Amino acid sequence: HELIVRGTDGGGLSAVCKVLVKVVDVNDNAPELVLSSFSSPLPENTVPGTVVALFSVRDRDSGANGKISCALEDQLFFSLRPAYKNYYELVTVSALDREETAQYILTVTAADAGSPPLTTTQTFTVDISDVNDNAPVFNQTSYTMYVRENNVPTVFVGAVSAADADVGLNAKVTYSLAPVQAAERPSCSCISVNSENGHVFVLRPLDYEQLRHTEVTVSASDAGSPPLRANVTVRLVVLDENDNAPLVLYPAQDSSPPSSELVPVSAEAGYLITKVVAVDADSGQNSWLSYHLLRATEPGLFTVGVQSGEVRLRRPVTDRDTVKQKLVVLVRDNGKPPLSATAALSALLLKDFSDVRLPHSSPATEDEADSLTTYLIISLVFVSLLFLISTAVFVARKVCKRKELKAGHVLYGADNLQSSLADAVAAGTLPRAYCYEISLTTGSGNSEFKFLKPILPSLPPQHCAVGQDPDDEQDFPCVPVSTEDMAPDNAGTLSAGQFNSR
């Protein structure tokens, strides 16, 4: 500041001087930070070196009091760099991950060089926006679920769960059954999964004896673009229920009569007669079988091994014991409730095994066998009678034919043949009349026909066999034959049966 000072005395004299007041700066102004641009939120896939904010700083003091320095507090992902003059840039220095840090609070401090220095703090809140860079993750590496056989349809057996670290649509998970690869075995079509909550259902009743376990692949997919997915294996184990009764393999319980076990009367107590063998299609305790003697002809004579099914003598055989013993063994499983089957068998108490003539079947089977035997005998008698009658008829016909052949020694004479040919010509059945030389013998087995010269239309009188009426053609027709052409050297033979076939 410049001042002019005038001094005047009492006599009226004065003087003038100039006073220059120089104001010395005091550090009484803090730095100022002026923001030019700021970007928020930032995508998490922002590349390093991206400018987040641009700002300038100033201080109205001078000298050292106006010299400003800026600093960013404790940051690994961002930094400050000078742009030009008093401008600074806030930039990223490494990759960002929203799933680790969704928001960054950056503090920039501007300080002057005064004594004491003055500072100004500016806070930048940087939000990180989500990018679909995370696939769904299941809370288990695999799932094992259990269902009892003979289940009701659409029974709930468990649930799968997957989480996505992203947000919004990128984190919305839907579930589905993954398609089976061509090289893989087709999976069971009885499993379904709810697309919204991952609940797993069994659609139809299962049978433990046919399907004990199966595996499917469940896929979890988010709604991002492009969507990301993850797969997990779900193993469904079918639990057995006691729904199968024991099956007796030996002795066979079919419709055929059961065979009898031979027991010597000299056998001592503990003698092994036979063993009942049975199986159960169930598993676990449902297939544990026990054997019990249900009833017997002599209950005190036999014992059955509870675990082994061996049928043994409890005591020695006595003379009072019936030769044929029948037993019924009960086979029962250990299920709840238990199921059972029975095995019927018989035993013969014999002194000598070579004398086995007793029937081995039950009374009902014996009745059926007797009825079947009766039917077989009746059928055999009927067939035999039919065969004998047919044989008798056949022999009778042969005898009659032989008698007829012996009765007629000469069937046709020369006159007979000539008359028959004339009739044939007159009737129009022969275009021309021919003369045949025919010689018949009773026992001849061969025949010969020889054509001779044609007979002229004017035929000689018809001649028939001796004793035959010319008008009687019921048995044998008369055949016109030229007697003058009947030569002994051209004679042929023809059997009666063969001539009749003409």
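Backbone N, Cα and C define each Cβ position, glycine as well.
Here TrEMBL flags 1-33, 34-138, 139-248, 255-365 as domain 'Cadherin'. Residues annotated as transmembrane segment in TrEMBL: 375-396. Sequence annotations record features per position, and here TrEMBL assigns region 'Disordered' to 469-502. Annotated compositional bias 'Polar residues' per TrEMBL: 492-502, in sequence order.
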For the domain 'Cadherin' (255-365), the mean pLDDT of the predicted model: 84
Residue distribution over DSSP helix, strand and coil in the domain 'Cadherin' (34-138): 4 helix, 54 strand, 47 coil
The domain 'Cadherin' (255-365): DSSP-derived helix, strand, coil residue counts: 10 helix, 48 strand, 53 coil
